[in-house]
Amino acid sequence: MSWLVPMPILLALFGAGLTLILGRRPMAQRAVSVSVLSAIVAVAGGLVYLADRDGPQVTWVAGWPAPQGISLVADRLSTVLLLVSSVICLLVLVFSLGQEEEQRRRETPISIYHPTFLALTAGVSNAFLTGDLFNLYVGFEILLFASFVLLTLGGTGDRIRAGTTYVVVSLVSSLLFLVALAAVYAATGTVNMALAGVRLAALPPEVQQVIHLLLITVFGIKAAVFPLSAWLPDSYPTAPAPVTAVFAGLLTKVGVYAIIRTQTVLFPEGALRVPMMVIGILTMVLGILGAIAQGEIKRILSFTLVSHIGYMIFGIALDSEAGLSAAIFYTVHHILVQTALFLVAGLIERRGGSTSLNELGGLASASPVLGALFLVPALNLAGIPPLSGFLGKVGLVRAGVGTHDWLAGVGVAAVLLTSLLSLFAVAKIWNRAFWQAMPLAENEDGKMVEAGLPLQPSMAVVAGMLVAVGLALTVFGGSMYGFTDRAAHDARHGDYITAVLPQGVR
Amino acid sequence: MEPNITLLLVSGFLIACGVYLLLERSLTRILMGILLASNGVNLLYPIIAGRAGLPAFIGLSAADRITDPLPQAMVLTSIVITLATTAFLLTMAYRAFQVNGHDEVQDDVEDAVIRRLALLDEASESYDAGVTHGEPGEEAGSDTHETTGAARPGDPREGDR
């Protein structure tokens, strides 16, 4: 069944080409992109099942012999992230169909939205599935270029300003990645992750450390960990709501995934454990302090995004099976919840006419549905008990306490503090946008001023489905933790390397 | 493996120039910087290919005398990506010029607002707005009513509205 492995990438690229040809036929374009993304969800589901039943699925592209060719590897970790990301892409695309009609009137080149979105999906799928560092770079470039286009869609002044920061930072990180790849190839003679992992271990420690630091820096920029995160809150909020949602859900998580691979396949000895722990803690705390200072919903959410990346880095830095398992669980949870929140922010912008907390109010009475749609993922983000955010944080805290280490103890304290401050940040949105009376009410003799448009049912339904998927993660939390435990066990016990190089090629 | 020192020096020089230009404000100069730095980084790949040799064609050259073809494949990919980068950045610089009349990288508006508020040591508008709109009982920040008020002369936010 290994022919299934390249399908997510191929289908997405094929769909991108087809939708580009169909640029003048919006209905056909929509049909193609929805069916392609549904097919990718189905394939990803199949791959999760296969990877869980039979172990990692490996394909060598174009039949080149191992280890010279490019390998695609679908193990538990990559398939579960692939499944979640394709579900997100499908739902966000359907959500954006509702917005498209109006956008077409205001923003001209909308026919490129579908091809670019599918190219983004292809890049994300490629980054998750590849077993080759250079192909990982290519995957990053595909998704970055697609994201450049989506971020500057329409070319308004705001988006160009936001796009400048994003594009330049991304390009610099790509350059660093190329330097790192050159170093890996010069040192080991391969860019295959499994083989490089075997050969890197034999190198002098100082060479290992340089390469390790280079890779972690590159992936840290993509994942927006603390000192490298300043670009994110400046660039994400100006994009259209569905675009921001899919960026927030996926792009940083690709960086987190690459960090997990670096820490488990390339450098499995747990080097850089302490610096990563410190970085994770700083990301959590400083990110959430940034969120509290903001007065605009999308910017608050962007800062919470940065902050919660810190949880995943903390879980990875614990360097234990429980920590990694909790980090994977948290990544899945966070993809779902952050995307849901940004989609709801889009609905708030539509309903209230703005996302600035100074101009919003009274949404809870104006639209109770919107209130419910916001409240559930918001509480989920803060980690209120029955929801999946709570399960993820409990996993991290247990793993942190289990290591009996004072720095991990500080990390656990940071997890709890950040969680409390996240609740404060979302409560601030809730109080001001939903509960407080409309700011302009006085001027209109106590009458509500209708600034925005009515809620479109199809968009609300999609956002509701995403919230429901997030809730399903709570219901199936036990089996999900079972799955991530197995994924973490695979990752830490060299199953990846034995699957890619069964004959033990050196 | 004996690295080629000349190429290494050229590569380092190009990257240094590129980084210098990257620190400029104008998008066109940043573009030049990215270009120089990418060329410098691309030069690393001929270096890691090891010693020069015959072209890597099966049947044309003996296997032990060919140069390593893999870095060439990689550097070709990255050259193509650099080309796309250049095109995209040029477009963005031109669009920024169309919209703003210049192509300088601008500061983030929201950051600037928060920074000015911090310098003036005032609470943000999202904290004190309860005063301006009545209903103090519902406000979380009701204890700051005395220190903050409706828009004063010289309010830093007025210019942004």
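First residue shown is number 1, and so on along the chain.
Heads up, the Cβ atoms here are built off N, Cα and C, so glycines get one too.
What TrEMBL lists as domain 'NADH:quinone oxidoreductase/Mrp antiporter transmembrane' is A:131-417.
Here TrEMBL flags A:6-24 (among others) as transmembrane segment.
According to TrEMBL, the transmembrane segment annotation covers A:31-51 (among others). With a cut-off of 8 Å between Cβ atoms, the residues of this chain six or more beyond the transmembrane segment (A:31-51) that come close are 1, 4-5, 7-8, 11-12, 14-15, 18-19, 22, 57, 74-76, 78-80, 82-83, 86-87, 89-90, 93-94, 97, 114, 117-118, 121, 125.
Outside the transmembrane segment (A:110-128), and at least 6 residues removed from its termini, the chain residues within Cβ reach (under 8 Å) are 8-9, 12-13, 15-17, 19-20, 23-24, 26, 29-30, 32-33, 36-37, 40, 78, 81-82, 85-86, 89, 93, 96, 100, 103-104, 135-136, 138-147, 149-150, 153, 246, 250-251, 254, 257-258. What TrEMBL records for A:110-128 (among others) is transmembrane segment.
The transmembrane segment annotation in TrEMBL covers A:134-154 (among others).
Annotation comment: TrEMBL describes A:166-187 (among others) as transmembrane segment.
According to TrEMBL, the feature transmembrane segment maps to A:207-232 (among others).
Counting only same-chain residues 6+ beyond the ends of the transmembrane segment (A:239-260), those with a CB under 8 A from a CB of the stretch are 77-78, 81, 85, 88-89, 92-93, 95-96, 99, 103, 117, 120, 124, 127-128, 136, 139-140, 143, 147, 150-151, 153, 159, 162, 215-216, 219-224, 232, 298, 301-302, 305, 309, 312-313, 316, 324, 327-328, 331, 334-336, 338-340, 342-343, 345-347, 349, 491. TrEMBL lists A:239-260 (among others) with the feature transmembrane segment.
Taken from TrEMBL, the feature transmembrane segment applies to A:300-318 (among others).
Annotation comment: TrEMBL describes A:324-348 (among others) as transmembrane segment.
Same-chain neighbours of the transmembrane segment (A:360-386): 297, 304, 308, 333, 337-338, 340-341, 344, 347-348, 351-352, 354, 392-393, 419-420, 422-423, 426, 429-430, 432-439, 441, 448, 455, 460, 463-464, 467, 470-471, 474, counting only residues six or more beyond its ends whose CB sits under 8 Å from a CB of the stretch. Residues or ranges marked as transmembrane segment in TrEMBL: A:360-386 (among others).
Positions annotated as transmembrane segment by TrEMBL: A:406-430 (among others). Distant neighbours of the transmembrane segment (A:406-430): 274, 277-278, 280-281, 284-285, 287-289, 291-292, 297, 300, 303-304, 307-308, 310-311, 314, 317-318, 357, 374-375, 378-379, 381-384, 393, 396-397, 400; these residues of the same chain sit at least 6 beyond its ends, with a Cβ under 8 Å from one of its Cβ atoms.
Sequence-distant contacts of the transmembrane segment (A:451-476) (same chain, six or more residues past either end, CB-CB distance under 8 Å): 87-88, 91, 94-95, 97-99, 332-333, 336-337, 339-340, 343-344, 346-347, 349-354, 359, 367, 369-370, 373, 376-377, 380, 386-388, 391, 440. Positions annotated as transmembrane segment by TrEMBL: A:451-476 (among others).
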Residues sitting near the transmembrane segment (A:134-154): Cβ under 8 Å, six or more positions beyond its termini, same chain?
70, 106-110, 112-113, 116-117, 119-120, 122-127, 160, 162-163, 166-167, 170, 174, 177-178, 181, 191, 193, 222, 235, 238-240, 243, 247, 251, 254, 258
